[in-house]
């Protein structure tokens, strides 16, 4: 196939899609050029599903190569290793809008690989990767109901910005990624500076409107490439099996869904399924039915039973109304030796959140393609198997945990103090101890309380809520504070975090082929009411940060010295700074601009270290009297240390008003004496006098 190219303007950027020259053995492959950021995105689908495959095995891998930024990776092996947090998050970002656009019965393995091969530091790889994934899938001839497109939206001075650069995002009040088809939105991911619901909805519609040119370009590329439509057909429904399962279940599933307790409800449904399997075992064998199909049909019946019930009755499976939030309980200072902690419980979802305060050196150094930087606000989310009453392997964080942690971090980021005003590295850890839906939003609420408990000067309390949707045709209901089953059996997971003032984070994932602006508007308004209710409940714990830090948290003292004096504080081979830290028990960080941060749990020790540094960096003042220690005796006088690292000479003629024949007769090394500074010459040599002090001249040094 000859090389085919499509070029269009997308905001301020020129975008080019190329296919037919590179990776020609892949099902579909596209080079995406977004100005100087260049990605190769491939899509390959297996010819058939594996035997017994009962889920859609879609894998999305986003990878950034260090050569893209003209850098060599660090570490011993000098090559890219396991996926970074950023790569994991963008891999999830690609997966989320693509997965719902494959047919329910399609079980062939599909893999999308997006590789950043050239990186302009001003243009991130997320939007090009999403565009490339959509184009590659469209070219691969899969039963993909796309194409989709994506846009990044910023907001400044009341205006939306399409695909802002990295520099523009630093000044923006919003960073929002929206993806969707020509007709509907499928996914939203955002971080905001406490913006209103109307501004957020406007950003989504703005992004969706602007992305139409991308969809048109992909359609044109696919036509010119002569891509053949997919020949895959969904397997025929086994109507006899479906009728048999429905008859065997009867009204029992509807009754099971009335059980309020999650574990009891699961047990009741499992008992019904077991009975159905046993009662139909003979017929399954006689008819040659696949047992996996029976299990699948039972799941379909679960799905329709719950959905029809809530649509018809407007009552949910735990008895709540559509907009009711589960009971909330909050506690703070639950762990005595942590710097801050909270216990947040909402129904059967629970999180213990802890705060640890450290110094700037405790920040995480990240070796990125665009350059090395340090992260001083860390948010870690852990989801152990016991939280849902299961067993499982305890390994490193999975993709889901990394994604949920990032969302919760976005939720509180807007209220965090700047590093200049609160120079601590802050680590938040959310341990999910129970889960029945919305654990990431429980982490937002719990972290807000724990941060205030730690005395971190956050601007306002933050709460989060997860919304759901059940939609059949023109009928739909929006659910507040969804359960795990409502998430699993519903059509939308819509999470909103924010303060009483506005939204700080919004994430939306749609399992159907998009939702309308009307549904989004209702969900946002319902989420606001729920968020305000939760904030009211959280106020029973704390409403503002504590005035004092924990007794176990480090106290930070910040002083500023002239950069030229840094080497005096460090000393030869680090001797001076090591002596101060050892003798005072403090931790000292020195920055290139002369900022010195002293950390110590003991405030007195921190003050002592500060005094030592001020002594070292202070200038010797002519005419001032100092108390010093005799450092060395010479025939012509004595050297006296008046400040750390600063020695001056008391000439034999300046020791006393009386005649001194031999210096050693009057002074010995280690003697403490008062001296007056007579002169500091151009070479920095200091002339001192004891005689002048005797004669009562000069001012006494403090």
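The chain as shown is numbered from 1 upward.
Quick reminder: no glycine exception, Cβ is built from N, Cα and C everywhere.
What Swiss-Prot lists as Mg(2+) binding site is 487, 493. Neighbour list (residue 487 (Mg(2+) binding site), Cβ cut-off 8 Å, at least 6 residues apart, same chain): 437, 438, 466, 468, 493. Under the DSSP three-state reduction, residue 487 (Mg(2+) binding site) is assigned to helix.
Annotated domain 'KH' per Swiss-Prot: 554-613, in sequence order.
Residues belonging to the domain 'S1 motif' (623-691) score a mean pLDDT of 89 in the model. Per Swiss-Prot, the feature domain 'S1 motif' maps to 623-691; the stated evidence is sequence analysis.
Secondary structure of the domain 'KH' (554-613) per DSSP (helix as H, G, I; strand as E, B; remaining residues coil): 32 helix, 16 strand, 12 coil. Using DSSP to sort the residues of the domain 'S1 motif' (623-691) gives these counts of helix, strand and coil: 8 helix, 37 strand, 24 coil. For residue 493 (Mg(2+) binding site), the count of additional Cβ atoms within 10 Å of its Cβ stands at 22 [all protein chains shown].
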